[in-house]
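In what follows, a structure is listed as C-alpha cells, so that the remarks can point back to it.
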Amino acid sequence: MPASEESAQMPNAESMIGRESQAGARIEGPQISAQYLRAVSDDGQWRVVDSSPSGMFVDGRRESSVTVSDKTTVRFGDPSGGKALTFEVVSPSADGSEDPPTNEADPGLVRAGAAAAARRRELDISQRSLAADGIINAGALIAFEKGRSWPRERTRAKLEEVLQWPAGTIARIRQGEPAGPQTPTPTADAAPEAAPSDGPASLIAQAVAAAVDTCSLAIAALPSPEDPDFTERAAPILADLRQLEAIAVQATRISRITPELIKALSAVRRHHDKLMTLGATAPGATLAQRLYAARRRANLSTAETAQAAGVAEEMVVRAEAEEALPAADAEAIEALIAQIN
C-alpha cells in the first residue's frame, strides 16, 4: 500500500508515519509528531490508526482509525487546512508484483540485490536517504539487498534512476545479464568496485556491508545509555557484529583480501568499538562492555590484559564475547577493571 505526498511504500505488516527518521513514511512539519499514525495490515486490509494528540481527520471528521479502501485521504491536526496524506491500495499486476520474502535463496535475486547494494555504496547513498526521499523504506531495501524479496516494478524504476542505471537494469541482472552502461559519476578516476561475481571474498564483503548497514540503523534507534533498556537492546546488535567480524575474518583466510573486504571488516570493527564503548557508560553495563572499554582505555592487548589480571587470554576473549566465566576468573577481571578505572 503506497502513501502519497511522500509516496512511501509500506510492505511491512505495520509501519509508522511521522517525523522520526525511521518512519515508513516520513512527514515533516511543526505540527507532525515523531510517531503520528500507524498503518496496520489486518487480514488483508490496511487500517490507519491515529497515535497523535492533534488528531487525524477523514472527510472532515476526526477518526481514531480508518480502513483504507481504494484511495483514502487523511489530514493532520486540522480537518481542512492540515497537511494531507493519501493512502491507496494497489493490486499488484502480473509483471509488477513484489515477491514475498522467502527462505529459499534465488541466485538471480541474490545477485540483483548484491549488485544494487554495491552500486548504492559506490554512490554513497544511504538507506535512510532512500527512505526519506520516498524511494523505498529501509526494511524493504534491506530485504531486497539480502536477496529475500523482489521490489515492485515502479520501485525498481525509482531505484534505477537513483542508482544511475538504465531502465530495466535490475531485472536484467536478476536474469544473469551485466548491469550495462551507467551514468558516469564525479569520481571517474576512482578504481571501479568489483562486480558481484568477482569471487567469494567480494560476495562476502557485500553481504557483510549490507548487514552492517542494518546494524547501523539499529544503533541509531537505540535510546540513550542512561535508559534502563539500553543494555538489553544493544545486546543483539553486538552479537550480530561479533558474528559479522568472524565471517569477515574467516573470508580473509580462505580467499584473496580485497579492498571491499577490508572496508567491510573495518566497518564492523568500528561499529563494534563504538557500541561497546558506549555500552560501558550505561548503568547496566555488562562485564564484557566494561572490560572492553577499560582495555581500550589502557591500550592493552587481550594477552596483556590476561597477564595483568592473572588469567588465561582465552578468559579475556570469552569475557568480551559475553560468554560465562568461572567465578574466580570473573573476579580477577573485575579487580583489574577497578584498577584501570
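Residue numbering: from 1, along the chain as shown.
Note that Cβ sites are derived from N, Cα and C of the backbone, with glycine treated the same way.
Feature region 'Disordered', per TrEMBL, maps to range 175-199 of the set 50-74, 175-199. Within the set 1-24, 145-168, the record from TrEMBL flags 1-24 under the feature region 'Disordered'.
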